[in-house]
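Colleague: Would you mind keeping the following structure in view while I ask a few things?
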Amino acid sequence: MYAEETNNVTAIKDIRAREILDSRGNPTIEADVILADGTIGRAAAPSGASTGSREALELRDGDQSRYMGKGVKKAVANVNSQIRSALMDKDVTAQQAIDDAMIALDGTENKDNLGANAILAVSLAVAKAAAKSQSLPLHQYIADLRNQTSLTMPVPMMNIINGGEHADNTVDIQEFMIEPVGFSSFSEALRAGTEIFHSLKSVLKSQGLNTAVGDEGGFAPNLRSNEEAITVIMQAIEQVGYTAGKDIHLALDCAATEFYKDGKYVLAGEGNKSFDSQGFSDYLVGLARQYPIISIEDGLDESDWDGWKYLTEQIGDKVQLVGDDLFVTNPAILQEGIDKKIANAILIKFNQIGTLSETLDAIYLAKKNGYATVISHRSGETEDSTIADLAVGTAAGQIKTGSLCRSDRVAKYNQLLRIEQQVRASYRGREEFIGLRG
């Protein structure tokens, strides 16, 4: 189970962690893994705002005298002591064995002792150091871990209007996204999305609406309804000459757990309009029929499996239904969803599970069972762009990494542009989506 010791240049000779700041100004953990030949792999853990109840534990200090209780000195100490001691002199290329060693060292199901943030920062830094030691780009190293021979560039889910937990506004649905599916390359898709983002700003300004941005770089205006967010995006698409439903499709992240109260889905921004499970499912079905929506994430509460079953039966053959809080990147929970025919896609956030190896397990379990995979950032991000390499190296097909502003989001898009220039990787566009293939 434990990584074997090695005397070669790929031996781990030091591990160092520190507190850094994420895109919300909160502390997170960054780790360096240093090899015998001086090679350094560096990675940082992201942090979420709306989180699933079954996510692996993000260890925070709880000391109100520092960073309002959000410090991560305990996680840093765990890396600099226990994890460092356990991994010294191990072969950095033994990713699975190293991840298994950290899981065993923690000894809990949800990584409660060491913290998933501590373990993840080291797991990703190990992969980066290993890739450098073999003179491989990170995406190729990740591909080689699971013998992924064909690489693809992901379709970006671009979050251009923020609501819910990601913005201080009246919009209940957390993310309104565009998917540029009608293009032949990632770079052209990115250009189209960027043009629509700027067009949306002018549409909002012309209507006297706020153009400040939320956590993930999307605009955060106060709107009269969730549907109004869709209509202003449709205007922005048309204004720059693209066709909604052909060049560009729409996607929603409801983050429904955040407005699920006492068995009801309550839209506070629409006068506390209330729905039961079937009623809210029907509301989403109606939106998907009226507008070119090809993906709905967390359309229902993470515990409302009957509701998920109903929604999947209604539109699961036409619309991508993505489980985020529902599956929390956990292979065991995903398998339960597969068995019960719940949803048809999974959002992949590696800090929900805590190691690169377990993340890959979830991705390939989904692929094996015909579920789409969407690699995702968190609302609290850093300049770390590992998810870009993960998306290409696993041929995931889709990536969700925010809007077209804020350097913490753009860093991932820029890394994808670099990768596209380096490798032969197709951009599959419409073929990635259940309702658009053929």
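Backbone N, Cα and C atoms are what each Cβ position is placed from, and that goes for glycine too.
Copying in the features that Swiss-Prot gives for the protein in this structure:
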- GLN174, LYS349, ARG378, SER379, LYS400: (2R)-2-phosphoglycerate binding site (BINDING)
- GLU216: active site, proton donor (ACT_SITE)
- ASP253, GLU297, ASP324: Mg(2+) binding site (BINDING)
- LYS349: active site, proton acceptor (ACT_SITE)
Colleague: Taking only C-alpha atoms and a 10 A limit, tell me which of GLU216, ASP253, GLU297, ASP324 are near SER379 ((2R)-2-phosphoglycerate binding site). These are the recorded positions.
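Modeller: The recorded positions passing the 10 Å Cα test are GLU216.
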Colleague: Looking only at C-alpha atoms, tell me how far GLU216 (active site, proton donor) is from ASP253 (Mg(2+) binding site), rounded to the nearest Å.
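Modeller: Answer for this pair: 13 Å between alpha carbons.
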Colleague: Across all protein chains in the structure, which of the recorded positions GLU216, ASP253, GLU297 has the highest Cβ count within 10 Å?
Modeller: GLU216
Colleague: Measuring Cα to Cα, how many Å separate ASP253 (Mg(2+) binding site) from GLN174 ((2R)-2-phosphoglycerate binding site)?
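Modeller: The Cα atom of ASP253 (Mg(2+) binding site) is 6 Å away from the Cα atom of GLN174 ((2R)-2-phosphoglycerate binding site).
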Colleague: Using the centroid of the Cβ atoms of ASP253, GLU297, ASP324 as reference, list every other same-chain residue with Cβ within 8 Å of it (recorded Mg(2+) site), in sequence order.
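Modeller: Other same-chain residues with Cβ inside the cutoff are GLN174, GLU175, LEU252, CYS254, ALA255, ILE296, ASP298, VAL322, ASP325, LEU347, LYS400.
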Colleague: Between any two of GLN174, LYS349, ARG378, SER379, LYS400, the residues recorded as binding (2R)-2-phosphoglycerate, what is the biggest Cα to Cα distance in Å?
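Modeller: Maximum Cα-Cα distance: 17 Å.
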Colleague: GLN174 ((2R)-2-phosphoglycerate binding site) has how many other Cβ neighbours within 10 Å of its own Cβ?
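Modeller: Its Cβ has 29 other Cβ atoms within 10 Å.
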Colleague: Please report the Cα separation of ASP324 (Mg(2+) binding site) and LYS400 ((2R)-2-phosphoglycerate binding site) in Å, rounded to an integer.
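Modeller: With the alpha carbons as reference points, the distance is 12 Å.
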